[in-house]
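Written below as structure tokens is the structure these notes are about.
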Amino acid sequence: MDGRLIYLMGPSGSGKDSLIEAAREPLRALNCEIIRRVITRSAESVGEDAIGVTPQEFEQRQRAGEFSLAWEANGLAYGIPVEMDQWLKAGKHVLVNGSRANLRQALESYPTLVPVLLTVRDDVLRERLLRRGRETLEQVDARLARNTLFKDRRSTDSPVHLIDNSGDLADAVNHLLDLVRLSAIPDQT
């Protein structure tokens, strides 16, 4: 049986990277791997577990068919390595740090994926973005505006599982683990 793709989304600063890191070992115990994405930003970016490449290298990799999924957001390019498909075929579940704007494309390629939206209160989001120091004040404002846009419109007609990460990270981790456990149950329809 193929594994399930757990497609984690959320605004920049919602705590996706913190959630992924805190859940890494418990997810492995649930036969769920986390795939590192390739991104056109320095691999040394604080708090992000990604493979940093130049825009030219990203384009070469994309043309060579090295990505199962690829998209652009916030002026950066993101790619999910094809290794993910091998893991899914081997029966492993795979957690992807995805994009709200790319959800429809992901659903077309992986119709059984489990969409998970990490939410956070606006005041907490602004504070986190400023604290991490990856963006200028102008970029922070642009990211907050993008988040408002996604809150005001539906990005898919499919149900999305919501996890609020405004408070204790342990609560968000437990909610994610519960979703993975439920997703592992085969569909009986």
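Cβ coordinates are placed from backbone N, Cα and C, and glycine is handled just like the others.
Bear in mind that TrEMBL entries carry predicted annotations, made automatically and left uncurated.
Annotation source TrEMBL lists ATP binding site at GLY10, PRO11, SER12, GLY13, SER14, GLY15, LYS16, ASP17. Secondary structure from DSSP puts PRO11 (ATP binding site) in coil.
Positions annotated as domain 'Guanylate kinase-like' by TrEMBL: 3-189.
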Environment of GLY10, PRO11, SER12, GLY13, SER14, GLY15, LYS16, ASP17, the listed ATP site - residues of the same chain whose CB lies within 8 A of the CB centroid: LEU118, VAL120, LEU125, ARG128, ASN165
Neighbourhood of SER14 (ATP binding site) by C-beta distance under 8 A, where only residues 6 or more apart in the same chain count: LEU118, THR119, VAL120, LEU125, ARG128, ASN165
Under 8 Å by Cβ from LYS16 (ATP binding site), counting only residues of that chain that are 6 or more apart: LEU8, MET9, GLY10, ASN97, LEU118
